[in-house]
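Written out below as structure tokens is the structure these notes cover.
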């Protein structure tokens, strides 16, 4: 395509070496099985035990066991850098924007009704679980992306873009049993920046952090008491805290480098 000659899109214009370390480590049939089994265990065991944490625990175990040794490459990608925070903030903004596009297309938010049924005590219970359970969802997303890539074996920029889109909507399909059919569109668009980011960098840490931040904002924005400052200030305070954390990390790193130089 002509546009591909003068526009370079990381991960789309050409495969990124850091993402390609996930490809070929596990046979395609096992990758599909790991993704399907991991996602199914989250739904089935969570429902059976009446505990989402139990479901995610079983889902994570099944995914890791069936996709081994993919976990080694994932762990190696979890490197905190000076750019981690601002990349997380930008990914959150992009995901929120794409989710808003989905809501605009439908004319409503398909998750709103169930989100408003969450009480504040339930919301607080979810908040402390997020750092433990949400990475399992990111594993399922990556598993789907790798599986689709190995099935399609994309050679052109268009095919790589289609892989990213298809993997995002497969992830959205996984949310249909819990949130309804229309959720597939909104979730698919919301996580599309994550699949594109994975193709461009191979970094799992930033999408995981973005996922935790976004779900934290969603719960505090709907479940927190109506007149609570947390409900109205959660978005700017959390994003500002991330920026301050990133700045502090950079300053500490510079000081360490000066001491050793």
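Note: Cβ is positioned from N, Cα and C throughout, glycine not excepted.
The domain 'CAAX prenyl protease 2/Lysostaphin resistance protein A-like' feature in TrEMBL is assigned to 136-216. What TrEMBL records for 31-49, 55-73, 85-106, 126-149, 161-176, 182-200, 205-224, 236-252 is transmembrane segment.
Put simply, of 31-49, 55-73, 85-106, 161-176, the stretch with the most CB pairs closer than 8 A to the transmembrane segment (182-200) is 161-176.
Residues belonging to the domain 'CAAX prenyl protease 2/Lysostaphin resistance protein A-like' (136-216) score a mean pLDDT of 94 in the model. The highest tally of CB pairs under 8 A with the transmembrane segment (31-49), across 55-73, 85-106, 126-149, 161-176, 205-224, is held by 55-73. When DSSP labels each residue, the domain 'CAAX prenyl protease 2/Lysostaphin resistance protein A-like' (136-216) comes out as 70 helix, 0 strand, 11 coil, counted as helix, strand and coil in that order.
In this chain, the transmembrane segment (205-224) touches the transmembrane segment (85-106); three or more CB pairs sit within less than 8 A of each other, excluding pairs fewer than 6 residues apart. Remote same-chain residues near the transmembrane segment (55-73) are listed as 21-22, 25-26, 30-31, 33-35, 37-47, 49, 132-133, 135-137, 139-140, 143, 146 (criterion: CB distance under 8 Å, separation of at least six residues from the stretch ends).
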